[in-house]
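Here TrEMBL flags 41-63, 83-108, 120-141, 147-167, 174-190, 196-214, 235-252, 272-293, 300-321, 327-344 as transmembrane segment. Summarising the annotation, TrEMBL assigns domain 'Sugar phosphate transporter' to 55-344.
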Amino acid sequence: MVEAQKWTRRMSNPRLDTAATADDHVLDIPTTPTSEVRNGIYTFGSLLTPNLLTALIIASWFMSNTGVLLLNKFLLSFYGYRYPIFLTMLHMLSCASYSYIAINFLEIVPKQHILSKKQFFKIFALCAIFCFSVVCGNTSLRYIPVSFNQAIGATTPFFTAIFAFIITCKMESVKVYFALLPVVFGIVLATNSEPLFNLFGFLVCIGSTAARALKSVVQGILLTNEAEKLHSMNFLLYMAPMAALILLPFSLYNEGNVARITLEKAKTDSFIILLLIGNATVAYLVNLTNFLVTKHTSALTLQVLGNAKAALAAFVSVMVFRNPVTMTGVTGFAVTIMGIVLYSEAKKRSKITTY
């Protein structure tokens, strides 16, 4: 924006300026309007302060992350929609569709392309691990409460450290490994005191958490080439349709023709369609808000928010679904979260010492 300036005319004809004062030659230059003012365009973001915009993005992140968990639990456990593989496939189709619109039409991020078959198969391998993780996570919600699901999910760093050591032989500092002890102790405490404990639900949730950790380690190995690295939104654009294709035969084999079953159910209960569309949309918003939080804050902030989200989702689920909890279970969950915070701090200090 150009500020108002005053220019004084010089080198003029003295015969014409004899009676003129200095103020007679001062020219006021008006302030240059912005393009939004000239065109009459005001974006939503331009009406918000940066701090308020960031606060709204973080609030949206909490709502979408907690919302998708509660909706999945409601559908799979209370509504009688017992098709976790098909539900995950709907999430993937939703992510593919919304990502295509966001990148190709809204241009949230520049579009990147898969450059080689080698890069394609790397993404496909990560996609297979991702599918296993999400399907196991959704399946676990049929058998265990959201609060217990989140307590188990909080142990991801423990499995990440194990896989990093097994696959890459990467050793962390003693402080980092020591910080993982409360994580393990807390989940043991929570498991032993869970009133609605289900062995199958517990095992598939452990499988989901381990697969999520494995994906992060493998992704760090496979996508090391700078030319092959994809932005998170572009990565979702290519991975989501691959995931849907992987899940389709498993859904048909294990769950039958769920699309036909759903349409039949919709004839007597049209709310199911609205519920599934809303659930799939929120699943995409989880990925979108992950990107926006990282863009407007940092990856470390996202990690801290993840710890807070686990506690919030557990609390809200208890309030909504009224599943019983014990003080020992709450203590175990709190110890696990404390261990994750200590682990994050130890990792951060370890990196500073290394550099």
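Quick reminder: no glycine exception, Cβ is built from N, Cα and C everywhere.
Remember, TrEMBL labels are computer predictions, not curated facts.
At the 8 Å Cβ cutoff, the transmembrane segment (235-252) and the transmembrane segment (147-167) share fewer than 3 close pairs (sequence separation 6 or more) and do not count as touching.
Residues of the same chain lying 6 or more positions beyond the ends of the transmembrane segment (147-167) and with a Cβ under 8 Å from any Cβ of it are 69, 137, 140-141, 176-177, 180, 183-184, 186-187, 190-191, 194, 196-197, 202, 205-206, 208-210, 212-214, 216-218, 221, 307, 310-311, 313-315, 317-318, 323, 325, 329, 332-333, 336-337, 340, 343-344. In this chain, the transmembrane segment (174-190) touches the transmembrane segment (327-344); three or more CB pairs sit within less than 8 A of each other, excluding pairs fewer than 6 residues apart. The transmembrane segment (196-214) makes contact with the transmembrane segment (120-141): 3 or more of their CB pairs lie within 8 A, with pairs spaced 6 or more apart in sequence. By the Cβ criterion (distance under 8 Å, sequence gap of 6 or more), the transmembrane segment (120-141) is counted as touching the transmembrane segment (83-108), at least 3 such pairs being found.
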